[in-house]
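Record features, source TrEMBL:
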BINDING   166, 167, 168, 232  NADP(+) binding site
DOMAIN    6-121  domain 'Tetrahydrofolate dehydrogenase/cyclohydrolase catalytic'
DOMAIN    140-281  domain 'Tetrahydrofolate dehydrogenase/cyclohydrolase NAD(P)-binding'
Ligand code: GUN
């Protein structure tokens, strides 16, 4: 079997276009457009690229897109003051603080300070708690992107066996909660899981989010399964590889996301969607 490729690049472009139409309709009705504010502290090269991309794509669909670039030596107090300023500004609908933060700043304290109604990353404990309770506040962007791709790939998720590999706050845990909400039977596997290949073999849906290149092998995959690869690993030759051995898995799976061009592009599209969701919840 050769798997169908799940085209995240196309799905993300479509989602952005749809959000762009909604923003245009707000503007045509004389309403303010949603405002997305991304905060970058320091000079991490990958973070700089991500922030520039978020800034550009938000502007492209007509949002008020602002990036706040702060020096690496910014104190925690100064960053908290910036967040307080954005929280208080009615024109700000979404606040995203790009991670990782410099070591001298307590990430948890910063996330906790963001108004949960503007937390478009979905990382505030209030939003994580709502998700754990089966309700939805703002949902983390990458997990949301995974779910949109799955819903596009499969007619129904109800009753399917889903195995999530990885238990991070940013991806593994929230994607498991979303799969549960979609009535999947969910297993969260992690570094201490015994016989991971056997666990993965049960899955109708595999979500790999571990950050280890090509760790998931083709013979771990149940024939016909749907594979969502969240990993983006830079290889020594400069190329990108996912957490799944794509060449092997594509021979067995029913459908699979490529890297790049799978989950990655969906993340920013979902950030824009969250910004519109936050706007509507706060300003109607
Ligand atoms: N750094 C890498 N991924 C993310 C993300 O989803 N959100 C934030 N804020 N920072 C990141």
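The backbone N, Cα and C atoms fix where each Cβ goes, glycine too.
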Of all the binding-site residues given, 166, 167, 168, 232, which residue's CB has the most CB neighbours within 10 A? 166
Take the domain 'Tetrahydrofolate dehydrogenase/cyclohydrolase NAD(P)-binding' (140-281) and count its residues per DSSP category (helix H/G/I, strand E/B, coil), listing them in that order. 55 helix, 26 strand, 61 coil
Whole-number Å value of the largest CA-CA distance among 166, 167, 168, 232, listed as NADP(+)-binding: 16
Quick one: average pLDDT across the domain 'Tetrahydrofolate dehydrogenase/cyclohydrolase catalytic' (6-121), no decimals. 98
